[in-house]
Amino acid sequence: MTTSCTLTEYEVLNDTLPNKIYLILTPFIICIGLIGNILTVFVFVLTDLKRQSVSIITIALAIADSFVLLIPVAIIWLEKILRRELTDLSPFWCRTHGFFDLTFTCCSSWLMVCIAFERFCAVWLPHSNKAIFTHRKILIIVLIIVLTSTILSTWFMFVVKTANIQTSFLKNSTENTLSTLDNRSIIQSSWKCNPIDDSLYDSMGMFSVIINYILPFIFLLLLNSTVIYRLCQRGIVDLRSSITVMLTLVCVVHLFCTLPFQCWWIYYEVQDQTGDCSWLKKKLTWHAITFTIRNLNYMANFFLYSCSSKLFRNELKSLIVLSLLPHERYQSYHYRRQSLYDNTQQQRISLTQLIMKRLSRTTPYNNVGAIHSVAVEIPLTSLNEHG
């Protein structure tokens, strides 16, 4: 994108409210998001929630979100704070900073699609869901998503280049008013990261936006709409403990958090018609707003799990108690439980119902006939023996 504005990005955004909010919130988003994602991994690995096949996807999602916060989000925030392009420090960061961002965001979006599809099958095909989504198949799907995301993001390393720029500074020193000027030229060399071709960079960037955001957005919208419709049809879903409700809420929040950033990319492709810095300022202001909202998505999953699932809260409390009070009775109490899906009461009811159904299916005539025949044979045998 070309513009006649001669100011830098940091000068344009200086003292603007969206930029201040972005600079203040981003370190909290990074720290809280990393802690929440680590706790999410612990809960889904160390508790009975690991029995759910979807737990593999949630673990991979937490890891991908952590890498998004740790590398691209943190680097961009540091650039804003230091007012310096960190990607210009070395050719490595020039070619890889965008690659990391594209790879991890692509993984996160398509793992969300995988979660939505698994819940779709769990709601619409409950009898076949466990056969379709086994732990082995889920692990293969996650590996395919990671590999495909990595391959689709390698284009960034080939459309940027580093140039060695030499900057000359002229230093004038005078010994006295009548002395001659002593001109000394000091040459400094530095790296500069730039795209090879602006049009190619913009077109490939739009391709990545479609793959990373727009297509997953469409799939998530369709799948979650059908899941919500099915849940409304049933009308018996426990909103406090349902795994489906928890994961559907996570997908819906992902939709709302990533939609503004998609709209910004479309707005970014609009040509500058102002001829001054007003368009650039508006573009960068909306980027700060939408980018902050997008980053909230990579922090929010832990809180969504905790708020929407009683099961997750119970597991988290158990882990905290066991870590703070590692007493034997707490450990025996924790590991003695066979399931954390509130099945203790349900198993009693289902067992009673099973016994009653089994008794109700017993046919009295066949049993009576068998008993009667045995009763008749015994006296006849005894009579024959006694002559």
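Glycine is no exception: its Cβ is also placed from the backbone N, Cα and C atoms.
The domain 'G-protein coupled receptors family 1 profile' annotation in TrEMBL covers 36-305. Sequence annotations record features per position, and here TrEMBL assigns transmembrane segment to 21-47, 54-78, 138-160, 210-231, 243-267.
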Relative to the transmembrane segment (138-160), which of 21-47, 54-78, 210-231 accounts for the most Cβ pairs at distances under 8 Å?
54-78
Under 8 Å between C-beta atoms and at least six residues away from its ends: which parts of the chain pack against the transmembrane segment (54-78)?
22-23, 26-27, 29-30, 33-34, 37-38, 40-41, 44-45, 86-87, 93, 97-98, 100-101, 104-105, 107-108, 111-112, 114-115, 118-119, 133, 135, 138-139, 141-142, 145-146, 243, 247, 291, 295, 297-299, 301-302
Should anything in the same chain at least six residues away from the transmembrane segment (21-47) have a Cβ under 8 Å from its Cβ atoms, list it; otherwise answer none.
55, 58-59, 62-63, 65-66, 69-70, 73-74, 77, 80-81, 288-289, 291-292, 295-296, 298-299, 301-303, 305, 312, 315-316, 318-319, 340
